[in-house]
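J.: Just dropping this structure here.
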Amino acid sequence: MQFSTFQTNLDNWQGASLIFGVLEEEIASQLENIKFVVDPKLLLKKVTQKKFKGEKGKTLSFEFLDQKLETLIIVGLGKSKDLNKSDIENSIGNLVRKTVDKNAKISILLPWELINSQLEITKLAESARLSAYKDNRFNKKKDEKKVLKEIEFLNLKQFENISFEETAQICEGVELARKLVAAPPNSLTPQEMSLQASKIAKDHGLEVKILEAKDCEDLEMGAYLAVAKGSDLDPKFIHLTLKSEGPIKEKIALVGKGLTFDSGGYNLKVGASQIEMMKYDMGGSAAVLGAAKALGAIKPKGLEIHFIVAACENMINGSAVHPGDVVKASNGKTIEINNTDAEGRLTLADALTYASNLNPDSIIDLATLTGAIVVALGNDVAGFWSNNDDLANDLKAASAQSGEKLWQMPLQKSYKEGLKSHIADMKNTGPRAGGSITAALFLEEFFDSEIKWAHIDIAGTCWTDKNKGINPSGATGFGVKTLVQWIKNK
């Protein structure tokens, strides 16, 4: 899909579908802005008959108004003094999603004089494209409806030199993350994930290293391998590196949980545990690889960025880890496994240790780690923890810019008491209360304390069961935009 603009005389414009935004003010004068496709007086009569006043979120749709236009959708933006860019993005996104099956090209005309910057225009374009996303890979009969190939913005006079190249690159990263999360577990195996990572490296000039089980044994990754050995599929430890040309001012590691399927192990997921949805337990790794794809195209300057994923399945066989086993992570700490369904933190323990040994300035990990964070924050907001105020504030800023909502949670040190073990250095789970916090405290044990670190729990935000905002039902690709924005802000 591409973005385009039409800046010349609108009388020469040709198109089939137009989305036109109006304010909750003098409608008649605003309708003059589309006289190039329809008689504004005739349209005003129809709008008046429908008692449409431009209220926020209200829409009117007209078919075949003129030979020059097949569909006109008028969307209310509310009062100019209350204009909110997020509301505009969601409104346009919803409309694009509703018309995506009907048109190869959708054109958009808004009161651009109320848009403050090129950034707001590109964010609108991003929302429109991500709202139009469809995944038909696994349908026997492919969707025969029209495929949206172009989103066009009309009359962007004050932004005539605008570029959507970076916007498209970010969208491609989000779309990759969505595809990875949505893929069934018999399709997206650890092997396939490593192939996807290798393709990113080849396409964008990143270094790639795939560690096999023997390599991980040599590095004494006992926690990661304890999870992986219950599956007949070999684990793949993925490490991509993006190095800017010229002097490196900062080194960063992005770590993603990569459970391509989680049965729960011997603490088997039963009842309402949604075992059938555990293909999305690699949502953190999808965000990291999506960010790698986007950043590989954007090529930020002065940075060395490491993308790390410990990919495997959590399954049951004769070799699977038992509840009560004690394993040793690659930093030498021993862990009593009191719950095999708290496996993500075990894989992350060795992934974080590996990242720490690279001596980065910052580490950010993303994981669908706990149900507790969903209970705490629901499905619209991800929780995050950090050991550094500057990093936390930078993430909050990136979150606000990207539109992906984060909420900082406490690293309550007294809760570490719940992780104490009588036979090992620690247990892998604490009591039910404060479960997302004790999970973060567990992870904090596996990297150098001098490194700035943040952990983002995306268990509630990586999937939506229904269309919501810019996200069609299914995988959201949550985390890609925030990671990319955080990097861009440096």
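Even glycines carry a Cβ here, placed using N, Cα and C.
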J.: Need a hand: Swiss-Prot gives Asp341, Glu343 for Mn(2+) 1, which of Asp234, Asp262, Asp425, Asp448 is also on that list?
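T.: Looking through Asp234, Asp262, Asp425, Asp448, the residue Swiss-Prot assigns to the Mn(2+) 1 site is Asp262.
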J.: Since Swiss-Prot lists Lys257, Asp262, Glu343 for Mn(2+) 2, which candidate among Asp232, Asp281, Asp365 does it give for that site as well?
T.: Asp281
J.: If you take the centroid of the Cβ atoms of Lys257, Asp262, Asp281, Glu343, the listed Mn(2+) 2 site, which other residues of that chain have their Cβ within 8 Å of it?
T.: Gly258, Leu259, Met278, Met282, Asn314, Gly344, Thr347, Ala367, Thr368
J.: Lys257 (Mn(2+) 2 binding site): which of the recorded positions Lys269, Asp341, Arg345 is the nearest Cα neighbour?
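T.: Nearest listed residue in space: Arg345.
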J.: Using DSSP reduced to three states, classify Asp281 (Mn(2+) 2 binding site) as helix, strand or coil.
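T.: It is helical.
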J.: Sorry to bug you, but what's the C-alpha spacing from Asp341 (Mn(2+) 1 binding site) to Asp281 (Mn(2+) 2 binding site), rounded to the closest Å?
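T.: So the alpha carbons of Asp281 (Mn(2+) 2 binding site) and Asp341 (Mn(2+) 1 binding site) sit roughly 12 Å from each other.
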J.: Which residues, same chain and not among Asp262, Asp341, Glu343, have a CB within 8 angstroms of the centroid of the CB atoms at the recorded Mn(2+) 1 site?
T.: Val227, Leu259, Ser263, Gly264, Gly265, Asn267, Lys269, Met278, Asp281, Asn314, Thr340, Ala342, Gly344
